[in-house]
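A quick write-up on the structure given underneath.
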Amino acid sequence: MTNIRKSHPLFKIINDSFIDLPAPSSISSWWNFGSLLGVCLAVQILTGLFLAMHYTSDTATAFYSVTHICRDVNYGWVLRYLHANGASMFFICLFLHVGRGIYYGSYTFSETWNIGIILLFAVMATAFMGYVLPWGQMSFWGATVITNLLSAIPYIGTTLVEWVWGGFSVDKATLTRFFALHFLLPFIISAMVMVHLLFLHETGSNNPTGIPSDVDMIPFHPYYTIKDILGLVLMLMALLSLVLFAPDLLGDPDNYTPANPLNTPPHIKPEWYFLFAYAILRSIPNKLGGVVALVLSILVLAVIPLLHTSKQRSMTFRPLSQCLFWLLVADLLTLTWIGGQPVEHPFIIIGQLASILYFLIILVLMPLASIAENHLLKW
């Protein structure tokens, strides 16, 4: 009699994906973030579901329903801060996951990579709409500023903005539809994650050397399940420390003021995980140009596989590319800092230089460094 996990139609899928899955023997902790992202998504869906049971998506009561959750609902404050800081954890894991993909050349799995980019866009859209729901000052003005960017699209822009708003300004209709979409999108993301994994398991995982590891595979369980549990424990410790000791550390104080269309906050800025893209948007004086740069700041990831000129897959043995990669990381941190600063000298010029450098590294310097490394190998 065969083992039920290998014969049962449903268990067999789980077994082939998480138990008997052949995995490279050399993958490091940088490969933990996929499973951590899965946990983050589950935490967000669960906490979000319970928050939605108490939340009201009406402009008159939305802010007070969130206050009610924190004050009157049993452990409502834990749910609220787990959900808010869980989003930050989600993006930390996302950025590290994408960074790992760039460093080790995982982008050569083009289907997996492209679905990952669509997932990144979907998660960013979900987070943006979630930020609007508490209906504080930054929620309202963030929604107004970001949705208003659509008006930069020639010919159909103004109509499109009013269609998204459901009126002539951000109001009740906007809040209601954002709540509906914010609730729906995580389930679409979950389905896309399954497709992401499906394509990954067609090729198998990459490894730090970038060399095919078909000759040296080990079962996912117990080796990588225990390794993933270690990563999970560390992430949960970080998340719970944030939630229980400094829940408002990454938030904006302006969001504790109810939304007021007649009073604009001095500095409108999104959550920290969007600041790098926001800095790129602001560094271009033209509205349409800024919107195009904003979209391209993420979409540029889709071009990386096409610009892979190196004879090696991974950056492990490519010092020039490594230098450029860490320069890119430093540049993104600079952009994140600039995105949170007011639009004045010297922040404007720093933001513009950092934005140029961002695209220059990815589109020009990295492919050139790879060509140089190919020539150095011949010596």
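Heads up, the Cβ atoms here are built off N, Cα and C, so glycines get one too.
Note that the coordinates shown come from a computational prediction; the quantities given were computed from them, not determined experimentally.
The Cβ neighbour count for H182 (heme b b562 binding site), using a 10 Å radius and every protein chain shown, is 21. Mapped onto three states, the DSSP output places H182 (heme b b562 binding site) in helix. Feature annotation from Swiss-Prot assigns heme b b562 binding site to H83, H182; the stated evidence is similarity to another entry.
The feature heme b b566 binding site is assigned by Swiss-Prot to H97, H196. The C-beta environment of H196 (heme b b566 binding site), restricted to residues of the same chain at least 6 apart in sequence and closer than 8 Å, consists of T112, I115, G116, L119.
Annotation source Swiss-Prot lists ubiquinone binding site at H201. Spatially close to H201 (ubiquinone binding site) yet at least six residues away along the chain are D16, S17, L21, judged by Cβ distances under 8 angstroms.
According to Swiss-Prot, the feature transmembrane segment maps to 33-53 (among others), an assignment based on similarity to another entry. Among residues of the same chain six or more beyond the transmembrane segment (33-53), those with a C-beta under 8 A of the stretch's C-beta atoms are 69, 79-80, 82-83, 86-87, 89-90, 93-94, 96-97, 100, 179, 182-183, 186-187, 189-190, 193, 228, 231-232, 235.
Marked as transmembrane segment by Swiss-Prot: 77-98 (among others). Same-chain residues lying 6 or more positions outside the transmembrane segment (77-98) and placing a CB less than 8 Å from one of its CB atoms are 30, 33-34, 36-37, 40-41, 43-44, 47-48, 50-51, 66, 69-71, 116, 120, 123, 127, 130, 235, 238-239, 242-243, 247, 250-251, 271-273, 301.
Residues of the same chain lying 6 or more positions beyond the ends of the transmembrane segment (113-133) and with a Cβ under 8 Å from any Cβ of it are 55, 57, 62, 66, 87, 90-91, 94, 98, 101, 106-107, 139-140, 142-143, 146, 174-175, 178-179, 181-182, 185-186, 188-189, 192-193, 195-196, 199, 270-271, 273-274, 298-299, 301-302, 304-305. The annotation transmembrane segment is assigned in Swiss-Prot to 113-133 (among others) on the grounds of similarity to another entry.
The transmembrane segment annotation in Swiss-Prot covers 178-198 (among others). Tertiary neighbourhood of the transmembrane segment (178-198): same-chain residues 17, 37-38, 41, 44-45, 48, 52, 55, 57, 112, 115-116, 118-119, 122-123, 125-126, 129-130, 132-133, 143, selected by CB-CB distance under 8 Å and a gap of 6+ residues from either end.
Among residues of the same chain six or more beyond the transmembrane segment (226-246), those with a C-beta under 8 A of the stretch's C-beta atoms are 29, 32-33, 35-36, 39, 78, 81-82, 85-86, 88-89, 93. The annotation transmembrane segment is assigned in Swiss-Prot to 226-246 (among others) on the grounds of similarity to another entry.
Annotated transmembrane segment per Swiss-Prot: 288-308 (among others), in sequence order. Counting only same-chain residues 6+ beyond the ends of the transmembrane segment (288-308), those with a CB under 8 A from a CB of the stretch are 98, 102, 105, 107-108, 110, 113-114, 117, 120-121, 124, 149-150, 152-154, 276-278, 280-282, 355, 358-359, 362-363, 366-367, 370.
According to Swiss-Prot, the transmembrane segment annotation covers 320-340 (among others).
Residues or ranges marked as transmembrane segment in Swiss-Prot: 347-367 (among others).
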**Request:** Would you count the other C-beta atoms found within 10 angstroms of the C-beta of H83 (heme b b562 binding site) for me?
**Result:** 21
**Close in space, distant in sequence - H97 (heme b b566 binding site), Cβ under 8 Å, 6 or more apart** = F33, G34, L37
